[in-house]
Structures are given as C-alpha cells and as structure tokens.
Amino acid sequence: MQNLTLLDGQKFQITLQRLCRQLIENHNDFSESVLIGIQPRGIYLAKRIAEELRKILPGKTILQGDLDITFYRDDFRRRDQLVPNQTKIDFIIEGKKVIMMDDVLWTGRTIRAAMDALQAFGRPEKIELLALVDRRYSRHIPVEADYVGIEVDSIASQKVVVSWIETDGEDRITLISDTK
Amino acid sequence: MAGLSTRHLLGIKDLNPADIQLIFETADNFKTVLNRPIKKVPSLRDVTIANIFFENSTRTRLSFELAEKRLSADVVNFAASSSSVSKGETLIDTVNNILAMKVDMVVMRHPYAGAGIFLSKHVKAQIVNAGDGAHEHPTQALLDAFSIREKLGDVAGKKVVIVGDILHSRVALSNILCLKHLGAEVMVCGPTTLIPKYIGSLGVKVEHNLMKALNWCDVANMLRIQLERQDIKYFPSLREYTMLYGLNKQILDSLDKEIIVMHPGPINRGVEITSDVADSKQSIILDQVENGVAIRMAVLFLLAGQTP
C-alpha cells in the first residue's frame, strides 16, 4: 500500500477559498442559489464551503442541505446491502440554482443518481456540480464538474481519499495505490 | 454494510434488535420520501413482487401494494377466492406457478399458522409474512413499535398494554416479541378465556381489570375482537365485552395521565373503542396506517437488497 499526499495544509485551504471565489463570481450573494452536499462524504465539503462563504459574505444567507442518493443508485442488488443516510433539505429548491457538491468525481454514477434524487424535491432552474477532486478519464457517464478543486489522473485500482479536519483530524487529499 | 440477518420476514422471532433498529432507521428515510412532492424512488425497478392473499384484507394488502409501487417494483396481486386454489391446487403448486413467471418476492397472508415458514422451505423466492393465522403479523408489530417510538421518542422503558382477544391475535404475539426486543414492558389484558395459558412465559404481565391496566400503561393497544376466528363463544355477549373491556372517552378522561391509544384496525366502532376515542388526539391510529407504508417499504427494500 502506498500513500501519496496530493493536497494538504495551506494549499488545501487555498483551494477551498478559490472554489468559493469562483462560486461568488457566478452566484453573487446566493439569494437565488443553494448548496447541496451528496451523502456521505460530499456533505463535509458542502458544509466547509458554506462556512467559508459565510465568512466572505457576512450577513448573507447561505442555504446548505444534505442529499442521500441510496434509493436512486443503479447498483442496488449488485453489491453489498445499501443502508441509507439522512437527507436534510429544509428549503425550497424549485426555481433555484442548485450547486451539488461531492468530494470525488469518478465514474459519474453518483452524480446521475443525485440529479435523479433532486427531482423529487422540485425543478431547479439550474444544477451545477462542484467536485473537490476530479478523477479524469474514468467516467462511465458523460458528467463533468463546473468547479474543480484538483484534477487527478489515476487508474481504477487506486483510491482517492479526502480527509476533513472536523471528522478525520486533518485536511488532506491522498492517493492510495495497492502495490501488490 | 451489514443488512438484515434473515433472508425472509416470517416473524419477529427471526429478527434481532439490530435488525429492528435497521428497519426503523430505513423507515425514517422512507417516511421523508413519502412527504416529498414525488413520493416514489426507483430502488426496486427490477424486482417483481406477488401479493398472495388467501384471506381477506384491505389495509395490509393496500399498504404493501402502495409500498411496492412507491419503490417502483412490478406488482401482481392474487386473491385465493378467485383462483385455482378453489379448484383444489396446493399452496406450493400455486406459488411455484407464480414464481415460474419470474417473481422475486412473495408477500403472503394465509389463514394457517406457519404457512410462510412452510413456503420458505420449498420455494426460492423471498417470503414476507403478511399474517399467518393466529401466529405472527411482523410488519404490523414493526409499524406499531415504530409509531410508539415516533410518539414517545423511544420504546425502551415504556409500558404497553395489549387489550382484547390475545388468543386469536397474530398482532398480539408479534407485538409482544417486538416490544420485548426493544426493551418495553408489556402487559396483556382481557377476559380469561381470551388469554392463552402460556402467555406468562413470554415475559408479559397479565391483568383482567381494564382500569388497572390503563392506570399502569403509557400506551394502550386495543385489539379487534376476531369474531371470524372464534369457533365457540368466549364471552357471553359483545355488549358485556364492551362494558368490561371497551375503551370510551369517559374512562380515558378519568385517568390521571394522558395515554396513547392504538388499534391495528379495522375498528369495530363502539366495541373495542368508541368513536370519540378513535378520533381523539390521543389516538395514533392513522399514524399507524401512515407508518405502515414506510415500514413495509423498509422491509421490502432491505430484503430485496440482499444479493442472491
């Protein structure tokens, strides 16, 4: 097993701030936009981005929710038992610009399921995607992110793990290779 | 991720407390789905479920059918009264014929205890018991306990009395097993003739005086008198039963606490409970019905999710 750190410390923080500035460029004061983190790991990214945005835009309301996609996945009955997480969207998404967030964009299937799940809450004016890590050249579905923290070229046997200071004690993006 | 410890849902006795918690947590999620503008998820779009009912049923069959449709499963319904069963076909032959049409799961109600267990040993499909005689009705017990948890925050430590025809009730046995699994104290109350002799061995209290039982409990689950399953007279008259074991507003108001009233339905209004109790704010009968769909969605989702 070989671990390679792709991003940590100050660079990690700068990446988040850069993503926030890009979001502000397109969404101004977020009065017509909402952030949705995809369960399980995308919610940490969405919470952190919302927190940073509130620091940059004091006094503005930044709405952020958590979306569970378990019931919308296309690998049900093709893998181990799926157990759902919480969905928490206590605001209206109808007519809003929704920015979906996930820590790693890989095959694109999670995002397809998330877009499907989102329709159950209404019809947003627009859906955008923000991914902290874009594992390029690995898509099964034609999905691309509008905002990307870092692009990574990796092979299928490798894993990309994003650690968060709130839950894992540090901010770090690690590429894990099985050396066997 | 660990799923249910059983491949079929034949009775509460096959579930462990972790299974029940998993079903509840999954049902919590489905309850939020049922409150969305689009109350449907695509999870079971490649699953076909047969509802095989050898006994009349309205709410259980509708509840299962709705749960299946909300999960996007394909559903076929089968009523024994209008089928080849009336021509003498056996249970196994009937079910095997249905399964030959590529059905994945069977939801079955049957007048005889153990019918689901028997079937699970002879056919490949997953079986969900929707009531087998006076034996078990696991999804009803799960939705009852789920409704108590929703109303009181937890089931553990709560005092629940089950009132009425315990002898002929599949709901009573499943309820006792489920509530005991979750740490509740359970009492049964009714005429001596309607309480089985072995009931104490399940770890429940027995009380024949309704007022004493109501003063003890946090929740009263009033069962329906199963006249259709009574081959002899177990009490002199319905009027006498109602006078001794019927719950009315006057009794409810005379208690020095506010208890929760439940009923698995269908209600014999004026027999087990009066209309003003059934429609009072202490009654959670309609919550039970609503939770039934979420619980059945959870059970079907968790069972169907097991890789073959």
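Placed from the backbone N, Cα and C atoms, the Cβ positions cover glycine too.
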Looking at the carbamoyl phosphate binding annotation from TrEMBL, with B:Arg59, B:Thr60, B:His137, B:Gln140, B:Gly265, B:Pro266 already listed, which candidate in B:Arg109, B:Arg239 is the matching residue?
B:Arg109
Around B:Gly265 (carbamoyl phosphate binding site), how many other CB atoms lie within 10 A of its CB?
17
Nearest recorded site to B:Gly265 (carbamoyl phosphate binding site) by CA-CA distance, among binding-site residues B:Lys87, B:Arg170, B:Arg224:
B:Arg224
In the domain 'Aspartate/ornithine carbamoyltransferase carbamoyl-P binding' (B:7-150), how many residues does DSSP put in helix, strand and coil?
68 helix, 27 strand, 49 coil
If you count the other CB atoms within 10 A of the CB of B:Arg109 (carbamoyl phosphate binding site), including all protein chains displayed, you should get 25
At the Cα level, what's the spacing in Å between B:Arg224 (L-aspartate binding site) and B:Pro266 (carbamoyl phosphate binding site), rounded?
7
Length of the line joining the Cα atoms of B:Arg109 (carbamoyl phosphate binding site) and B:Arg170 (L-aspartate binding site), in Å:
11
Winner by Cβ contact number (other Cβ atoms within 10 Å) across the binding-site residues B:Arg59, B:Arg224
B:Arg224
